[in-house]
Amino acid sequence: MNPYILAILVLSLGLGTSLALTSSHWLLAWMGLEINTLAIIPLMAQYHHPRAVEATTKYFLTQATGAAMLLFASTTNAWLSGQWEIQQMTHPVPTTMIILALSLKTGLAPLHTWLPEVLQGLDLTTGLIMSTWQKLAPFALLLQMQPAHPAILVILGLTSTLVGGWGGLNQTHLRKILAYSSIAHLGWMILVLQFSPSLTLLALMTYLVMTLSTFLVFKLNKATSVNMLAISWTKTPTLTALTPLILLSLGGLPPLTGFMPKWLILQELTKQDLALTATLAAITALLSLYFYLRLTYAMTLTMAPNNLTGLTPWRLQSGQTTLLPALSTSMTLLLLPLTPATLSMLSL
């Protein structure tokens, strides 16, 4: 792709997200989301592969549906209450419609079915943008709207954690596994959104860091399926030793960073007398943990069919930069001891 066009598209992505993050008016927020969608579509379709074109079409249709629903709901709210402000959502019908529209745009269950299919058709770099940057704008709008409907948010959260765990169990493609992982993590954030927005923000930040390091590691290994992970130890032994820890951090095991948001969210739900919800969320986290353990097993305890089992193959020096994966991996593995400092910063 022409570097000038690429720069314009990346700047448009930044502009769309910034517009949605900073606006307090529904029309401006809608414009930001639309700019975001239109900027990423050429990035998704830049490799003229049937799968990429199919993924781009599916993504465009779902985002257009979500945007139309959002515009209709915000207009209905203005008609009923005379308010265009995001914080002034008073009527239950448009509020519910907007929550569902933003859930469709983010990929929350049960409106999640487009996300694994779209991610499967993209390369790892565009998939990374889709799993991280594209979640920011809809999430910012959901955060501004709270406290909205307690019941609908809890139902969406629990459904997402369950579907995210259940859907990833039988997958062999890494991008689909990461899509279901994304759905499960978003479910955890939505669960606690109305009770502690700052905790949702903390969960979102840790999710962004963990997903960034996972995608970058897979990109360094050029791995897109579980079988390709199994042979990565001969190419990058050190990275292969760290990858299981990154995956277990995504699963939320102590003493890794991923344990922090889950621990605090369960604590907050228990404080709000939602012990049953907390128990269900913790049980669904076990489903997610299973498929992370599957990937870990494939990387560490299986050996690819290779005659020279004890020898690493001759290989060229990799030209890929390793600074960003090193930083994000360190943050993914080592931030749990900073939990008290993080809590005092977020003034929880």
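Any Cβ shown, glycine's included, is placed from N, Cα and C.
Remember, it's a predicted structure, so these values are computed and weren't measured experimentally.
Annotated in TrEMBL:
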{"type": "DOMAIN", "residues": "23-287", "note": "domain 'NADH:quinone oxidoreductase/Mrp antiporter transmembrane'"}
{"type": "DOMAIN", "residues": "289-342", "note": "domain 'NADH dehydrogenase subunit 2 C-terminal'"}
{"type": "SIGNAL", "residues": "1-20", "note": "signal peptide"}
{"type": "TRANSMEM", "residues": "59-80", "note": "transmembrane segment"}
{"type": "TRANSMEM", "residues": "151-170", "note": "transmembrane segment"}
{"type": "TRANSMEM", "residues": "177-195", "note": "transmembrane segment"}
{"type": "TRANSMEM", "residues": "201-218", "note": "transmembrane segment"}
{"type": "TRANSMEM", "residues": "239-259", "note": "transmembrane segment"}
{"type": "TRANSMEM", "residues": "274-293", "note": "transmembrane segment"}
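Nonlocal intrachain contacts for the transmembrane segment (274-293), taken as residues 6+ away from its ends with a CB within less than 8 angstroms of a stretch CB, comprise 154, 157-158, 161-162, 164-166, 168-169, 171, 177, 180-181, 184, 187-188, 191, 247-248, 250-253, 262, 265-266. Counting Cβ pairs under 8 Å to the transmembrane segment (177-195), the stretch among 59-80, 151-170, 201-218 with the most such contacts is 151-170.
Outside the transmembrane segment (59-80) by six or more residues, the chain places 26-27, 29-30, 33-34, 37, 40-41, 44, 89-91, 93-95, 97-98, 100-102, 104-105, 114, 118, 130 with a CB less than 8 A from a CB of the stretch. Across the domain 'NADH dehydrogenase subunit 2 C-terminal' (289-342), mean pLDDT in this model comes to 79.
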